[in-house]
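The structure appears right after this line, and notes come after that.
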Amino acid sequence: MNQPFPGGHPQSGGYPQSGGYPQFGGYPQYGPAGGVPAPQPGAYGPPARRQGMAMAYVSAVLFLPAIALMYLSAFVSIDYPESEFDLHLWVTLTGLAFGEPTGNADPFVVATFVYPSVVLLFVVLLFARVGAGRWGAAVLGFLGFGYYTFAVVRFFVAGILAEYVISPVAAALLWLIAAVVAVLPATGRAMRSHRPAAPQSTPGGPGYGYGGYGY
């Protein structure tokens with residue numbers, strides 16, 4: 001009988017002749033290191049440097065000398081000043097420039113207790129790096145500077161000796177320095193530096209754990 005296929009059966013062309021399985025396009029091609037993709041550039045490295053918080057504390061501390069001067073002048077002025085030192089502090093009473101220097105000073109003593117107490121409340125918030133504390137202390141500091149600048153002019157016009165105006169001048173400078181430092185951009189950055197940083201994404205992309213695998 002004649003064989004239609006001399007020499008044996010034909011070799012079918014429908015099977016691959018390679019020694020492995022074909023690569024399908026629906027699966028990712030992993031690298032040689034155990035199937036873990038290589039890290040992306042910039043995925044690893046040192047964390048971003050946090051901004052310093054020192055300026056927030058420095059700003060808060062600078063308000064304390066002015067507050068201490070206010071309390072001291074209020075304490076020594078509860079009774080009429082008897083010494084030269086008491087008289088220097090007496091002219092530093094808050095609001096005294098709006099009244100008569102020889103009149104009743106009790107309302108001004110009360111105001112000198114209240115004013116630094118309110119500032120102290122904002123300074124405590126400033127120590128805690130609360131934004132409202134920074135701006136509240138700065139506004140009251142500028143108000144104190146404005147008042148004591150007016151007081152110096154008012155006392156000169158009233159004929160008070162220049163040596164007794166030293167304390168109001170010192171108070172004006174202390175309030176000005178503290179208020180200016182509080183509104184500096186560096187202080188604002190220090191106030192924001194305590195906020196927690198946003199978490200960094202892993203190199204595996206959304207929906208995957210470390211290295212591209214879910215855990």
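Heads up, the Cβ atoms here are built off N, Cα and C, so glycines get one too.
Just so you know, TrEMBL annotations never went through curation; they're auto-generated.
Residues 85-86, 89-90, 92-94, 105, 108-109, 112-113, 115-116, 119-120, 123, 126-127, 129, 134, 137, 141, 144, 167, 170-171, 174-175, 177-178, 181-182, 184, 186-187, 189-191 of the same chain, all 6+ positions outside the transmembrane segment (54-78), place their C-beta atoms under 8 angstroms from a C-beta of that stretch. If you look up TrEMBL, you'll see 54-78 (among others) marked as transmembrane segment.
Residues or ranges marked as transmembrane segment in TrEMBL: 108-128 (among others). If you look at the transmembrane segment (108-128), the same-chain residues 6 or more away from its ends with a CB under 8 A from one of its CBs are 56-57, 59-60, 63-64, 66-67, 70-71, 73-74, 77-78, 92-96, 99, 134, 136-137, 140-141, 144, 182.
The transmembrane segment annotation in TrEMBL covers 135-158 (among others).
Summarising the annotation, TrEMBL assigns transmembrane segment to 164-186 (among others).
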